[in-house]
Amino acid sequence: MSVFESETSNFHVYNNHEIQTQPQMQTFLSEEEPVGRQNSILSLTLDEIQMKSGKSFGAMNMDEFLANLWTTVEENDNEGGGAHNDGEKPAVLPRQGSLSLPVPLCKKTVDEVWLEIQNGVQQHPPSSNSGQNSAENIRRQQTLGEITLEDFLVKAGVVQEPLKTTMRMSSSDFGYNPEFGVGLHCQNQNNYGDNRSVYSENRPFYSVLGESSSCMTGNGRSNQYLTGLDAFRIKKRIIDGPPEILMERRQRRMIKNRESAARSRARRQAYTVELELELNNLTEENTKLKEIVEENEKKRRQEIISRSKQVTKEKSGDKLRKIRRMASAGW
């Protein structure tokens, strides 16, 4: 059997001519658990972490817990620094600065958070119909010291739950349909059709670290780890939703912006019309007041002229009386 495995890829490619059965492939999956994943700080229980750090996490709040946790992570990296190969990268735990803790969660202690998790499990108990649900129920009934750090952070809401990809193999290509794997037809450099089954391991994929894997037949193999701005975009895309929903939200936002702009223009236009009407009213009132002032001025002038004429008549009459001849003596 030929296995093409990328150094950091999450996919294994199997030859079509030597397809294993489903139990054999499941056994291979359990045996091929990454060494970095087993030795990762995420796979340790809280009791093991407390033994390494020498501190009790129960009475700590979540901020202190993460701060002490990073000290343990650095010590674990120093101890097992040479154990990891260059091609194997364990599950990456985000730095404390990149973890967004809600304000109520920062003030709570680890024991209080665990009590809320247990209360949530009791309020929503899993059904015991399938074996997977039964195993999950047993795992949820663990104590605080027995639970792994990864499960605790996921249940507490500090880290998003790992994305597990399960792909089914095409029955038309291989004649059977196992629980995992997908039929992939890729053509090599010699232009010969080569059907290979590709299955994805259930490795953790946190939103802080984006990972993309690609399969190339022949002599070329390509894989890439996305960090920085690409990881932030992937995290934002996961939080916001698929592109269709984002496009619909963008269109609704554009429609709302246009409606808001139209309402603003209508308000400005109505305000302008109101100002123009008020200006016209003030202009008409000013014209009427000017006419009234002119009429009053004319009346005042006419009164002044009539009074001046009357005064001149009175003065002329007084002069005639003074010039009248006086009566002479009788002798």
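Glycine is treated like the rest: Cβ placed from N, Cα and C.
Within the listed segments 50-64, 95-109, 170-184, 275-289, Swiss-Prot records region 'Leucine-zipper' for the stretch 275-289. Taking Swiss-Prot as the reference, the stretch among 188-223, 296-331 described by the feature region 'Disordered' is residues 296-331. Among the ranges 9-28, 29-48, 249-268, the stretch that Swiss-Prot annotates as region 'Basic motif' is 249-268.
As a whole-number mean, the pLDDT of the region 'Leucine-zipper' (275-289) in this prediction is 96.
With helix defined as DSSP H, G or I and strand as E or B, the region 'Leucine-zipper' (275-289) counts 15 helix, 0 strand, 0 coil. For T143 (phosphothreonine), the count of additional Cβ atoms within 10 Å of its Cβ stands at 11 [all protein chains shown]. Note: the region 'Basic motif' (249-268) comprises 20 helix, 0 strand, 0 coil (DSSP; helix = H, G, I, strand = E, B).
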